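K.L.:
Have a look at this one.
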Amino acid sequence: MIFDKDNFKEFDQELWQAIHDEEIRQQNNIELIASENVVSKAVMAAQGSVLTNKYAEGYPSHRYYGGTDCVDVVESLAIERAKTLFNAEFANVQPHSGSQANAAAYMALIEPGDTVLGMDLAAGGHLTHGASVSFSGKTYHFVSYSVDPKTEMLDYDNILKIAQETQPKLIVAGASAYSRIIDFEKFRQIADAVDAYLMVDMAHIAGLVASGHHPSPIPYAHVTTTTTHKTLRGPRGGLILTNDEAIAKKINSAVFPGLQGGPLEHVIAAKAVALKEALDPSFKIYGEDIIKNAQAMAKVFKEDDDFHLISDGTDNHLFLVDVTKVIENGKKAQNVLEEVNITLNKNSIPFERLSPFKTSGIRIGTPAITSRGMGVEESRRIAELMIKALKNHENQDILTEVRQEIKSLTDAFPLYEN
């Protein structure tokens, strides 16, 4: 039978092999991509359930299809858990991704052509915060704020100045490569000063907000968006939160029928599982460990004069390092580290001088290694091995030594037990 899972290997050997190879790759690699994590078997089980068969346009109790009693329960569980976890009045769990969550928020709050103030991509923002190649930059008139050239941290006085000069209808706070605490209260004060909406994209830090290790944007933002993966450790998807009932209605209309048709109820079920996991007291320990591991790794780079640690440290799950004193660019650093089974991504740094295809920096994140059970000791050692590989990137003997030690680490901390 085609639908017999046990027959999958025989039915589609080529696809089975690709998936199997990816599982082996994940097991044998140290994953330091800040936006990646390791979900539980329960999350995967929910996402692989019969819910993938069901179409359910609309919202719980207001569907355009019959036979939705069960998926109504599933989606309602996800909604209530999201509201509880983040202490929000309203939640929409249907966005297929963080980008679509952002698109829905824009659609609900502003009109095409309106001015929006968002974080510059090179300073740590996201494509959907106004990059010219993104729908956001094509649909709305984005102006950007950056970081202070000396501290490489947000300069709220300068952001206020830009807001007063440009009079945006919406201000977007949040980042994809910023390692410091974001003061959402100050952002709301800036938004109020120019009569703008405040939207917070907390995709990268949602898990840390949930665990209590980063201030929550919910009391200050008119709308908060996030992904459900990254530090939240759920399936790949989006989520929108607000405390404003009128805005919530606009958000719901923007998601469906504005941007999407049928929701992915199997993914929503997996979101519900991840949200329940995040409500468990153990998740607070997980959030704390993510930050401890990131700070331990960052300290190793900070103590080496051949590397520049952006903003001189980290308060969250990630940090950026300028590698150009030891290797030509971030792209080459990424490739060298991949040779020794350490996966991360090249990344632009503030006031970047190289192209985004090369970059001066790399971005390093600890959610995935923390999920595997690695701690401060392992994090320090991984950073030391990274430095060893980068400084000796033309020495195959040393790269082999590093690769072997990485294998010992990954063997000691399996991706999944049994």
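The backbone N, Cα and C atoms fix where each Cβ goes, glycine too.
Checked Swiss-Prot, it gives:
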type    : residues                                               : note
BINDING : LEU121, GLY125, HIS126, LEU127, SER355, PRO356, PHE357 : (6S)-5,6,7,8-tetrahydrofolate binding site
SITE    : HIS229                                                 : site 'Plays an important role in substrate specificity'
MOD_RES : LYS230                                                 : N6-(pyridoxal phosphate)lysine
K.L.:
Provide the three-state secondary structure of PRO356 ((6S)-5,6,7,8-tetrahydrofolate binding site) computed with DSSP.
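P.N.:
Reduced to three states, the DSSP call for PRO356 ((6S)-5,6,7,8-tetrahydrofolate binding site) is coil.
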K.L.:
Determine, from DSSP, whether HIS126 ((6S)-5,6,7,8-tetrahydrofolate binding site) sits in helix, strand or coil.
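P.N.:
Reduced to three states, the DSSP call for HIS126 ((6S)-5,6,7,8-tetrahydrofolate binding site) is coil.
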K.L.:
Within a 10 Å radius of its Cβ, which of these recorded positions (HIS126, HIS229, LYS230) has the fewest neighbouring Cβ atoms?
P.N.:
HIS126
K.L.:
By CA distance, which of the binding-site residues (HIS126, LEU127, SER355, PRO356, PHE357) lies nearest to the residue listed as 'N6-(pyridoxal phosphate)lysine'?
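P.N.:
Sorting the binding-site residues by distance from the residue listed as 'N6-(pyridoxal phosphate)lysine', the top entry is HIS126.
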K.L.:
If you count Cβ atoms within 10 Å of the Cβ of SER355 ((6S)-5,6,7,8-tetrahydrofolate binding site), leaving out that atom itself, what do you get?
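P.N.:
Other Cβ atoms found within 10 Å: 10.
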K.L.:
Just the number: how many Å between the Cα atoms of GLY125 ((6S)-5,6,7,8-tetrahydrofolate binding site) and HIS229 (site 'Plays an important role in substrate specificity')?
P.N.:
18
K.L.:
Provide the three-state secondary structure of the residue listed as 'N6-(pyridoxal phosphate)lysine' computed with DSSP.
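P.N.:
The residue listed as 'N6-(pyridoxal phosphate)lysine' sits in a helix per DSSP.
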K.L.:
Of GLY125, LEU127, PHE357, which of the binding-site residues has the most Cβ neighbours inside 10 Å?
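P.N.:
In terms of Cβ crowding, the pick is GLY125.
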K.L.:
Say we define neighbours as other CB atoms within 10 Å of the CB. Which of the binding-site residues LEU121, PRO356 has the fewest?
P.N.:
PRO356
K.L.:
Could you check what DSSP calls LEU121 ((6S)-5,6,7,8-tetrahydrofolate binding site) once collapsed to helix, strand or coil?
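P.N.:
Once the DSSP labels are grouped into three classes, LEU121 ((6S)-5,6,7,8-tetrahydrofolate binding site) ends up as helix.
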K.L.:
In Å, rounded, how far does the Cα of PRO356 ((6S)-5,6,7,8-tetrahydrofolate binding site) sit from the Cα of HIS229 (site 'Plays an important role in substrate specificity')?
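P.N.:
Roughly 24 Å, rounded to the nearest whole number.
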